[in-house]
Ligand code: ADP
Ligand code: ZN
């Protein structure tokens, strides 16, 4: 099963994608995480990505599609993938469709996670992850059971994304409304679009998504 989780920054895409990895054996393809890994590795492409991301801009479509194509060819993606953070423009959606068609793959569901803007700034500025295992947390909404200790792996080191501050969130949100929201009618036209209430509790959002997947 191949899915796209679509929604503004902080909508809960990563949170839900990680749950679907555990329950359905799908592979989460967070293009943001993939790019950040590329930046951390250094190299000319990483340097280019770093500059573009620091400016809050988008990567060239071709680079992104190639990166995804390479990843979904790997054997661990046999049960399917969850794209999180891509596509972000109609042009990217079209490029993705073309690439998938060439590979004989299809999208089963595109799930829009709808959350009001006011809630997003608080979600994004409060989020952090375990530096060791990547488990996501939030200062208010999802604290570790023991303060300062990861529930999953026991690590005491956590990290925050450099771009998760109030200013960039506002820019990223505006970009979402201008460039990404027009994808919704595109997928609606293809009959694969479903919408869930991303304002609900994390567990309730999971239930809504499960209901869609159970079809
Ligand atoms: P995205 O991947 O869409 O940018 P995340 O999954 O990182 O969003 O979620 C952003 C933050 O909001 C995280 O800290 C997460 O714990 C929290 N969060 C996610 N879903 C919900 C929800 N339904 N209700 C409250 N907080 C949530
Ligand atoms: Zn951990």
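Cβ coordinates come from backbone N, Cα and C, glycine included.
A TrEMBL annotation is a machine prediction, not a hand-curated record.
On a predicted model such as this, the values are computed, not experimentally measured, just so you know.
In the three-state DSSP assignment, the secondary structure recorded for residue 11 (ATP binding site) is coil. TrEMBL lists 10, 11, 12, 13, 14, 15, 127, 200 with the feature ATP binding site.
DSSP places the residues of the region 'NMP' (30-59) in helix, strand and coil in these numbers: 23 helix, 1 strand, 6 coil. Taken from TrEMBL, the feature region 'NMP' applies to 30-59.
The AMP binding site feature in TrEMBL is assigned to 31, 36, 57, 58, 59, 85, 86, 87, 88, 92, 161, 172. Residue 161 (AMP binding site) falls outside any helix or strand according to DSSP and counts as coil.
Residues annotated as domain 'Adenylate kinase active site lid' in TrEMBL: 127-163.
If you look up TrEMBL, you'll see 130, 133, 150, 153 marked as Zn(2+) binding site. Listed in sequence order, 137, 150, 152, 153, 155, 157, 158 are the same-chain residues six or more apart from residue 130 (Zn(2+) binding site) with CB atoms under 8 A from its CB.
Note: the CA-CA distance between residue 13 (ATP binding site) and residue 57 (AMP binding site) rounds to 20 Å. The binding-site residues under consideration are 15, 31. Their Cβ neighbour counts within 10 Å are lowest for 31.
Taking a Cβ cut-off of under 6 Å from any atom of ligand 1, the binding-site residues 11, 14, 15, 86, 127, 133 reduce to 11, 14, 15, 127. Taking 13, 86, 150, 153 as the candidate binding-site residues, the subset whose CB lies under 6 angstroms from any atom of ligand 2 consists of 150, 153. Using CA atoms as reference points, the binding-site residues 31, 59, 88, 161 were checked against residue 10 (ATP binding site), and the closest is 161.
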